[in-house]
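Quick look at what TrEMBL annotates:
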TRANSMEM  20-43  transmembrane segment
TRANSMEM  49-67  transmembrane segment
DOMAIN    123-242  domain 'Palmitoyltransferase DHHC'
TRANSMEM  167-191  transmembrane segment
TRANSMEM  203-227  transmembrane segment
Amino acid sequence: MAPSHALRCCKRALNWIPVLFINLVVGWSYYAYVVELCVYTIPNNAERISYLVIFHIFFTMFIWSYWKTIWSKPAGPSTAFGLPRAEKELYEREERAEMQQEILKKVARNLPVYTRTAGGAIRYCDHCQVVKPDRCHHCSTCEMCVLKMDHHCPWVNNCVGFSNYKYFVLFLAYASLYCAVICATVIQYFLKFWTKKLPDTHAKFHILFLFFVAAMFFISILSLFSYHLWLVGKNRTTIEAFRAPVFTNGPDKNGFSLGFRRNGAEVFGDQAKYWIFPVFSSLGDGNSFVTRLVHIDPERANSVLQQNGKSLVDGETKPSVLGNNIQHTADDNKDKINGGQLVAVTMESDP
């Protein structure tokens, strides 16, 4: 028992090495830029002051968003997704997998859960003993189920998910801008040192190396930032990009996509004044998400609606409130796609 605990503590300590490395690089870059470039190399006071002001704006936003990503605790499922005591005892006593699924199905009827395993079963975490909300996954490193889990990032030693995904995207954005500012302002002095138009001083090494490091990080971070912007626009997580979420009607990689504008609002919020700041403004609670059921024939759509306590009659929408205070509304828009009918059913949270 003691060795296992000691190994776990060692593993947790080692997990901070990538974070320590990033902070050491950022700390050195701050010293190289402020002291070696601005204090010792730039002769013009106006240029020096303007560089320092611009640099510190992006440095502050970069560090703010980075540390918010690190220290934001991953959000776990609501207690409503845990099995009630009676069902939990039945589940633990039951050895047959099919009967365990029946127990989970009974519990899931009262929850806003619409995704399934690849085999069509209710998604249940034996470690956390909860029915997994849509887009929730268990992280073996964090040892918990994480709402809207995107991935576990070693560079922040944290799970990137519902509680900090906005901070993570902003961290990538400001890290790219931070590197871009360094490259844009250092390059003229880099060239002067490289062509020996400036005398060899202790600043030379720092400025040459600063430009190379900033350029290298800029290219790598920009590519990652572009990828996550694409994910935001599609309303997908990294996990969903590699493995499409499975709904009752089968896999659908666009199951959570609501259009570019609404997809962006889910991450950044609906108030533009908060978009550029690492403060929480994402929509929803992470336990349930607006979704859509596509490529369902009309009879199948009506059965889904009836199961949810709704019906479509003469274009009327009848809402009903299910578990966890989620209101579902049916959209009766029907379009012809590939010679068949497409019935879109959207499920929306209460305002």
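Cβ atoms here come from the backbone N, Cα and C positions, even for glycine.
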Remote residues contacting the transmembrane segment (167-191) - C-beta distance under 8 A, at least 6 residues beyond either end: 29, 33, 37, 41-42, 51, 54-55, 58-59, 61-62, 65-66, 68-69, 72, 150, 153, 156, 160, 197-198, 207-208, 210-211, 214-215, 217-218, 221-222, 224-225, 228-229, 232, 267, 276-278
For the domain 'Palmitoyltransferase DHHC' (123-242), report the average pLDDT of the model, please. 96
Do you know the DSSP helix, strand and coil residue counts for the domain 'Palmitoyltransferase DHHC' (123-242)? 68 helix, 16 strand, 36 coil
